[in-house]
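Feature annotations, courtesy of TrEMBL:
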- Ser31, His61, Arg77, Phe78, His79, Ala109, Ser205: phosphate binding site (BINDING)
- Glu186, Asn228: purine D-ribonucleoside binding site (BINDING)
- 26-261: domain 'Nucleoside phosphorylase' (DOMAIN)
Amino acid sequence: MADYYTTIEAFRKSLEKSTEFRPRTGVILGSGLSKIADSLSGTAIDYSQIQGMPRPTVEGHRGFLKISRDYALLAGRFHYYEGHAIQDVVKPVLLLKALGVERLIVTNAAGGINPDFEPGQIVLIRDHINLMGANPLVGPNNGDLGPRFPDMSDAYSRALRKRISARLEYPLKEGVYAGLSGPCYETPAEIRMLEKIGADMVGMSTVPEVIMANYLGMGTVGFSCITNMAAGILDQPLNHQEVIDTAARVETHFRGIVETVMELLASE
Ligand SMILES: O=P(O)(O)O[C@H]1O[C@H](CO)[C@@H](O)[C@H]1O
Ligand code: HPA
């Protein structure tokens, strides 16, 4: 395994110069969702100012940290398909750890598999299936950071999900997220397989981040914005522009949910 301890220490040092804020809640924003960070007050720090932080290459991931007393929002994540080592894909989580963040909210754009879902809907992630073909914890383990064999039975905190559902005006549907490496969208046959193994939505991110957050002891919740129905469900081709457009269409609604959850976590 990469020496995550060293990476976290290097981020801590680098951030010492740019901010005194040490929030408890971190948010990773998915494709097309970075406007949420614009609308919140705080200090914006470009990834280029943070030593060791890669640059996002995907449209909809801008590459800055917005930080205030209560929150650290990351507008820009790294995907395995971009060619990053899996150890770099989890750098947003290591950065949040360096700031002392204890709770993580992950968001993503995903294709809907469950026929009860529709584009524009926000789904609370109940669990995931790791089909990336990679795991960020492979390699020697530093027991000071986390266990060799982390338990994943509550990776998307049941307790937090319950509190979120109680706080929101209407309950969100929950679903299982299948994380694949991409960058191809899936074939219709792959989507039929994913449905059979219990996936409700599909994407190319989130899973490595949540594995790392769980390993580091962060309580985690996740939201998928269903930006399109997965391949073969509707008789139409998929493209990233549709993903960005749908995320933009529901941005205000999604922001409301994320802000409510951020307030809920900050008040505890
Ligand atoms: O998961 P996020 O980063 O939100 O983005 C999703 O959208 C992109 C595909 O359109 C992929 O990167 C997929 O993972
Ligand atoms: O249909 C999809 N498949 C994989 N990743 C995605 N991200 C948004 N939509 C999708």
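Count begins at 1; order follows the chain as displayed.
Backbone N, Cα and C define each Cβ position, glycine as well.
Nobody curates TrEMBL annotations by hand; they come from automatic prediction.
The structure displayed is predicted, hence computed values, not measured ones.
Here the features listed in TrEMBL are placed on the structure.
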residue : record                               : DSSP (3 states)
Ser31   : phosphate binding site               : coil
Arg77   : phosphate binding site               : coil
Ala109  : phosphate binding site               : strand
Glu186  : purine D-ribonucleoside binding site : coil
Ser205  : phosphate binding site               : coil
Asn228  : purine D-ribonucleoside binding site : strand
List those of the binding-site residues Arg77, His79, Asn228 whose Cβ lies under 6 Å from any atom of ligand 2, in sequence order, or write none if there are none.
Asn228
Those binding-site residues, Ser31, Phe78, Glu186, Ser205, Asn228: which ones have a Cβ sitting under 6 Å from ligand 1?
Ser31, Ser205
Taking 10 A as the limit, how many CB atoms besides its own sit near the CB of Ser205 (phosphate binding site)?
28
So for Ala109 (phosphate binding site), how many other CB atoms are inside 10 Å of its CB?
24
Sparsest Cβ surroundings (other CB atoms within 10 Å) among the binding-site residues Arg77, His79:
His79
C-beta crowding around Phe78 (phosphate binding site), within 10 angstroms:
27
So among Ser31, His79, Ser205, all listed as binding-site residues, which is physically nearest to Asn228 (purine D-ribonucleoside binding site)? Use the C-alpha atoms.
Ser31
Whole-number Å distance between the CA of His79 (phosphate binding site) and the CA of Glu186 (purine D-ribonucleoside binding site)?
16
